[in-house]
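Q: Attaching a single structure in structure tokens format; questions to follow.
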Amino acid sequence: MTAFNSLFSLDKKRLKKLQRTLNTINSLKGQMATLSNEELQAKTTEFRKRLVNGETLDDICAEAFAVVREADKRVLGLFPYDVQVIGGLVLHQGNTAEMKTGEGKTLTATMPLYLNALEGKGAMLLTNNSYLAIRDAEEMGKVYRFLGLSVGVGVSDNEEEDRDAATKRAVYSSDIVYSTSSALGFDYLIDNLASSKSQKYMPKLHYAIVDEADAVLLDMAQTPLVISGSPRVQSNLYKIADELILSFEEQVDYYFDKERQEVWIKNQGVREAERYFRIPHFYKQSNRELVRHLNLSLKAHKLFERGKDYVVDDGEIKLLDATNGRVLEGTKLQGGVHQAIEQKEHLNVTPESRAMASITYQNLFRMFTKLAGMTGTGKTAEKEFIEVYDMEVVRIPTNSPVRRIDYPDKIYTTLPEKIHATIEFVKQVHDTGQPILLVAGSVRMSELFSELLLLSGIPHSLLNAQSAVKEAQMIAEAGQKGAVTVATNMAGRGTDIKLGKGVSELGGLAVIGTERMKSQRMDLQLRGRSGRQGDIGFSQFFVSFEDDLMIESGPKWAQDYFRKNRDKVNPEKPKALGQRRFQKLFQQTQEASDGKGESARSQTIEFDSSVQLQREYVYRERNALINGESGHFSPRQIIDTVISSFIAYLDGEVEKEELIFEVNRFIFDNMSYNLQGISKEMSLEEIKNYLFKIADEILREKHNLLGDSFGDFERTAALKAIDEAWIEEVDYLQQLRTVATARQTAQRNPVFEYHKEAYKSYNIMKKEIREQTFRNLLLSEVSFNENGDLQIYFI
């Protein structure tokens with residue numbers, strides 16, 4: 001057990017306990033091997049009975065792990081190593097296991113998934129993409145089925161397939177489900193748009209293991225999953241706003257802080273806009289849409305870079321995943337930003353649709369009773385994992401020692417120097433036949449390096465968002481002798497790079513990074529492509545003072561150094577800066593960048609807390625209606641509330657001479673078009689009783705017509721009101737966040753401003769739901785068609 005020695009000294013208390021459990025599991029190895037297949041399979045029923053009789057998962061953990069270990073050997077021919085068992089124990093505890101590339105995370109997960117599925121509440125493994133989910137479910141599913149558990153797959157290899165509720169219900173009722181994080185998120189949102197029990201399929205979220213946990217739970221945490229609905233009225237302001245913004249001068253008409261990624265219109269820009277549009281007051285309420293479009297255009301031009309944040313493919317804007325450079329198919333920026341980028345690129349501006357429902361990964365995964373994660377790089381973000389998800393990160397030792405050499409960065413003053421030095425280094429390594437993975441920070445830079453390699457006569461493959469369809473083939477060939485692969489950071493995660501014949505003797509895979517990424521974890525992922533399962537290899541990064549990392553997060557003295565020395569260097573004779581302070585500088589700058597990323601994610605949580613509270617409230621009320629339970633939007637209760645509120649309004653705000661008009665208008669707008677006048681002499685109590693009488697008569701008539709279907713009618717009326725109000729609220733909250741963020745330039749706390757306005761909007765939404773339900777119940781027309789189906793027409 002020497003592999004644990006160094007780790008024990010760092011994390012003695014945590015791993016000693018795991019070691020004791022591992023010893024117990026190992027002691028059961030012989031016993032499990034003597035069992036017949038039938039006896040081994042019978043253990044599942046035994047475990048479930050023991051749980052019913054009061055034992056806990058921890059009580060049966062060692063024995064259950066030993067059972068799965070033996071099943072893995074019999075079914076797959078693979079017996080999990082001790083380090084994989086340790087990883088499985090960490091996952092069972094609801095923590096994140098940091099396991100290096102090639103250490104067998106897929107097999108590791110079989111043990112905690114089996115154990116946690118025994119409770120009958122469901123266990124999920126969520127991967128990065130559909131291919132991995134389907135592959136792992138097929139391969140590992142053999143083990144679970146051998147042990148008597150059912151396995152479901154939440155995704156399909158046919159992207160066009162639209163699964164119905166019954167199919168999804170069968171998937172999610174399985175003991176173990178393999179899916180992707182995005183598929184789960186969208187299924188959750190769709191499930192909460194259901195209008196009847198038959199359309200619902202999602203169980204309570206119990207236990208999940210998230211693969212590439214740091215990428216999903218941290219890096220993608222700020223990206224909401226959004227279901228879009230009906231389009232907004234198409235705006236013609238995008239083009240006008242774009243034209244004006246192009247005439248603006250940076251730091252004169254608008255302020256741009258690249259380090260903080262903030263941009264806003266200054267007073268001079270406001271005056272220019274007022275002159276351009278011939279309006280006296282730019283920020284007047286009537287100019288709200290104009291102000292919004294100008295800010296959107298400004299963001300599109302300054303905060304989103306082609307080749308880095310998005311690509312243009314066949315006339316469409318396609319977003320890039322910041323964590324891996326891959327295209328986010330089917331994903332669009334919300335709130336009009338996407339349309340502003342389309343205008344910036346002179347493309348057809350697509351309709352801006354309203355958000356019907358949305359949720360962030362943070363809030364989705366915080367709904368699980370127990371959450372675990374697997375990743376190759378999580379330890380450096382342990383503090384954030386603990387604060388956000390209450391998950392520790394445990395570094396699992398490798399089964400074989402890591403033999404990769406990570407060389408210190410080669411640091412240059414200017415970008416041209418760095419590029420020249422990188423190409424020369426690639427030539428030297430390529431001459432030895434050693435395979436090379438050259439990683440650039442953006443699509444644009446990857447294409448530049450590709451052109452320079454072509455000019456140097458070095459054949460290579462180019463892997464970026466534009467060529468992702470060939471990814472599997474390129475990665476499979478990247479470890480072959482003489483191979484050179486130029487890629488964006490999408491090469492950092494995914495399929496393992498296996499060394500070809502004779503490559504180990506040449507020194508293994510050479511990973512050459514052309515800049516430090518915004519997060520140390522991304523660099524560690526890239527380094528980890530070399531040295532898989534004890535393979536030999538090395539990594540070398542080339543950096544400069546002109547890299548995005550240094551421009552956005554570097555200290556002032558570094559910027560001063562660059563300005564002072566940039567004209568003193570010869571790009572064709574690059575000179576590396578060897579002083580220790582420069583090595584320290586890039587390390588500290590990356591740490592600062594990591595800190596900014598953490599702060600931004602923390603702010604996302606703060607912003608999203610309002611949305612989450614409202615979402616929980618709306619979904620709870622919807623489910624109460626669907627399940628026939630009493631809730632705040634019980635139709636009977638709403639009749640009383642709306643009429644009582646109207647009477648209170650008459651009593652406090654309406655003059656006596658306007659009373660009849662107000663009552664008649666209320667009846668006509670909300671209750672009935674067959675208006676019956678009221679007497680001037682009627683008291684408020686008599687008016688109240690009169691309104692209740694009208695409501696009772698209308699509902700009695702509908703009840704007589706609908707019979708047993710009347711309950712369905714009431715529920716549908718309330719659900720329609722909730723959904724319409726919630727769609728408006730989700731859309732409004734997205735717009736509000738954009739406005740609130742801009743307000744921090746006025747020395748206001750954007751989160752406080754957002755919560756204040758969101759709370760107002762929340763109360764308005766609840767009032768609107770009650771009033772619209774009232775209208776739906778009374779003003780709607782109901783009938784049965786010739787097939788006997790209920791038809792409801794809401795006004």
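Here the Cβ of each residue, glycine as well, is placed from N, Cα and C on the backbone.
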Q: Same ATP site as GLN84, GLY102, GLU103, GLY104, LYS105, THR106 according to Swiss-Prot: which of ASP406, ASP409, ASP431, ASP496?
A: ASP496
Q: Show, in sequence order, which residues other than GLN84, GLY102, GLU103, GLY104, LYS105, THR106, ASP496 on the same chain lie with their Cβ within 8 Å of the centre of the Cβ atoms of the ATP site.
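A: Along the chain, the qualifying residues are MET99, THR101, LEU107, THR108.
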Q: Among the binding-site residues listed here, GLY102, GLY104, which has the most company in the form of other Cβ atoms within 10 Å of its Cβ?
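A: By the 10 Å Cβ neighbour count, GLY102 comes out on top.
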Q: For GLN84, THR106, listed as binding-site residues, tell me which one has the smallest number of other Cβ atoms within 10 Å.
A: THR106
Q: So of GLU103, ASP496, which of the binding-site residues has the fewest other Cβ atoms within 10 Å around its own Cβ?
A: ASP496
Q: Provide the number of Cβ atoms within 10 Å of the Cβ of LYS105 (ATP binding site), excluding the reference atom itself.
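A: Excluding its own Cβ, LYS105 (ATP binding site) sees 25 Cβ atoms within 10 Å.
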